[in-house]
Amino acid sequence: MNIVVEFFVVTFKVLWAFVLAAARWLVRPKEKSVAGQVCLITGAGSGLGRLFALEFARRRALLVLWDINTQSNEETAGMVRHIYRDLEAADAAALQAGKGEEEILPPCNLQVFTYTCDVGKRENVYLTAERVRKEVGEVSVLVNNAGVVSGHHLLECPDELIERTMMVNCHAHFWTTKAFLPTMLEINHGHIVTVASSLGLFSTAGVEDYCASKFGVVGFHESLSHELKAAEKDGIKTTLVCPYLVDTGMFRGCRIRKEIEPFLPPLKPDYCVKQAMRAILTDQPMVCTPRLMYIVTFMKSILPFEAVVCMYRFLGADKCMYPFIAQRKQATNNNEAKNGI
């Protein structure tokens, strides 16, 4: 094709992409079904991972839950089984009420499987993934959610904690994707969800290791998405989830300027997951929560660095992590004193 003609074709496609994006904001797209599909969630024992598990259970997915904490993972599984029982009871009641079978969702083998896995250890991931393939089947939806935070200033943070943060928050995404992507490529079907953070799009002081891990996983996700497009594997979808501070306790103590905080409070975990689920089930490539994060990210990319610093100071975002770090340090000192260290 002549380059001039191709240029106008590309221009039209770019403008059309803007039209489609605007339409998605105005008209909610229809959600796809994940009923009967195998959905694997890392870090499922608590926080967002647990809530993701409950949301996928309500949509009749077959769940595979990974967490390093066996007890909390089993607690999540118990909640999932309770949802499954309610769904089965509702289906039975609907049949007794005389509803046609076509009005009831098709029956699925509703099961939940739990695995204790440290996603920060490559061999552990590969071995557990092999067990999943043998005991459950191939994974259709992969939700890379597991995450940790050290809570130390850079010069006070032990090297081992820095490495741990990078392994769990970033490297683990490589290992899980390498484990389950090959089959997705073979059948050209699947969905990979990357739970990152707004701190993977812009940073702040005091969490260098966490920001580096989240920036890294955002880059990984974007490159993977481009690779799938280049391979014309349009049946494999990807969704990048970048929430603002979520009130799960992970960053307890983090505070922005008190006059600003009522307008930008920590997100409720339920709200965050529901927004992410909407994006996943409508094949949205990326979701930032709240939407203000899109503007912040855009401003950061066009403003001079000193202008960004001024904005951070005005919002109280420049040292927002300091109270959180101080609380972590105090808790560590208390534990050491309690244990006689």
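The backbone N, Cα and C atoms fix where each Cβ goes, and this holds for glycine too.
Annotated transmembrane segment per Swiss-Prot: 3-23, in sequence order, evidence recorded as sequence analysis.
Taken from Swiss-Prot, the feature NADP(+) binding site applies to 40-64, supported by similarity to another entry. Under the DSSP three-state reduction, Leu48 (NADP(+) binding site) is assigned to helix. Residues near Leu48 (NADP(+) binding site) in space but far in sequence (CB under 8 A, at least 6 apart, same chain), listed by position: Asn145, Val195, Val246, Thr248, Pro269, Cys272, Val273, Ala276.
Marked as substrate binding site by Swiss-Prot: Ser197. Look at Ser197 (substrate binding site): DSSP puts it in coil.
DSSP assigns Tyr210 (active site, proton acceptor) to a helix. Per Swiss-Prot, active site, proton acceptor is recorded for Tyr210, and the stated evidence type is sequence analysis.
Across the structure, Ala44 (NADP(+) binding site) and Ser197 (substrate binding site) are spaced 17 Å apart at their Cα atoms. According to its DSSP assignment, Arg60 (NADP(+) binding site) is coil.
You'll find the Cα of Tyr210 (active site, proton acceptor) roughly 10 Å from the Cα of Ser197 (substrate binding site). Residue pair Phe56 (NADP(+) binding site) / Ser197 (substrate binding site) shows a Cα separation of 21 Å.
Between the CA atoms of Val64 (NADP(+) binding site) and Ser197 (substrate binding site) there is a gap of 23 Å.
The 10 Å shell around the Cβ of Ser197 (substrate binding site) contains 25 further Cβ atoms across the protein chains shown. The two recorded residues, Leu40 (NADP(+) binding site) and Ser197 (substrate binding site), have Cα atoms 20 Å apart.
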